[in-house]
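Working notes, structure below.
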Amino acid sequence: MFERLRGTRDFLPHEMAARKKVFSSIKKTVEEFGFFETDTPAIELFDLYSIKSGEEIIEELYAFQDKGGRMICLRPELTPSVVRLLVSRAKELSFPVKWYSIPRLWRYERPQSGRLREFYQLNIDIFGSEDPKADTEVISCAIKLLCDLGFDKSDIEVRISDRRLLQEFLLTLGITNFHEVLRAIDKREKISSDDFRLMLYNANLDDCQIKKIEEFLDSKGNFLTTLEALSKQYMGESISIVINSLLKIAQNLTDRGYEGFITFDPSIVRGLDYYTGMVFEVHDRKREFRALFGGGRYDNLAELFGGEHIPAVGFGMGDAVLELMMRRKNIWPEEKLELDIFIATIGNVDTEVSRLSTVLRNNGFTVDFDIMNRNLSNQIKFASKLGAKFLLIVGERDLKEGIVTIRDLDSGKESKILLNEVISSPSKYLTKVL
Ligand code: HAM
């Protein structure tokens, strides 16, 4: 017997049924926001990620050389693929472009709760608008899809910041090696405070600079008051554009009734290198799990990929953390199979079953019937295992009078009806009888 690879998952049909409900709720919300679905290949050139995804992702790549000698990898995230697609087809597109996709992704990580080697990730992105309205639309969509799944503001927190704020603040401290310092700040929540300080010492920062950074990172809270305080305390005029844009996002989210979900948190920087402005993360409030969403603005990636300047903002949400959070709140759908009708047979009724099943299927019912020559009681047991709502019993003796039996498997209610009537108008007849 073979085992599946570590960090990967199999899904049985009843598990898949629950997942399909979750995914279809997500798709419905995202489409209500005017996002259209795209798809891209699971394999891409290695170079697509070496440009700007960041060291961490590169270290986790599943990469190999193909028979043509090219370095290929399984996509670890969607953003580079989607930008590659956008740049190559930009001339035929009308902007702003609002796209979504739920790809399967691969990262060679150490498997643990909410962290897998193969997972699904919802991506939504808006391309072509620099306006904070685009940022708001993306964050609103994140909040709305969680509400539609059954979460509320007591469950989740959306922490928002802007990378430029932190960079401006670092400049006031005379720090210019942003890359190393931002990397340490991004890791801060996952490591001890001693290790955090060590990372900053290694980036040549002194005690005074580290203390000021820690104070700055801890100043999270209400958007208006915290931002105003920060801007007075630390920032020059040059950062007012960033602060105004963050305040617009906060105001816009408040207008939509989402103020209870959002917090301003300057410690959010995001690990991926391509972000250029607003960044955000969504966590469960109790902080039991890793981040559910991560996203932000990445206005330079299209140009880096050889295209024109196309501003962009979006996020990724992983299915593994979502499932953990939904199970914790008891809102993960029941894992059960569902079937409209199971046709149970007695004797040789093959022709009628073929006709009946074809008509019912053509009318949109999901239908199955016995192909194991089981006796009636075993067919009924099997029908309940399939989650059948109705049982249609077709027996040789009843058929002589043109009759079949319909049983509602939930209530046990049973009626005899004419086979020809079921065949001539199944939807009307079945709903009337049952
Ligand atoms: P990310 O922060 O790398 O961002 O991933 C976003 C989310 O994907 C995480 O918060 C987590 O829920 C899920 N995720 C990531 N890695 C794993 C893993 N190994 N196992 C399970 N879940 C995982 C991005 O990928 C960006 N490309 C998102 C984005 C889209 N930014 C703009 N547009």
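Placement of Cβ uses the backbone N, Cα and C atoms for every residue, glycine included.
Bear in mind that TrEMBL entries carry predicted annotations, made automatically and left uncurated.
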The L-histidine site in TrEMBL includes Glu77, Leu78, Thr79, Gln121, Asp125, Arg270, Tyr274, Tyr275. Which of Arg107, Arg256, Arg290 is also listed there?
Arg107
Looking only at DSSP and grouping its letters into three states, which state does Thr79 (L-histidine binding site) belong to?
helix
Tally every other Cβ atom lying within 10 Å of the Cβ atom of Gln121 (L-histidine binding site).
22
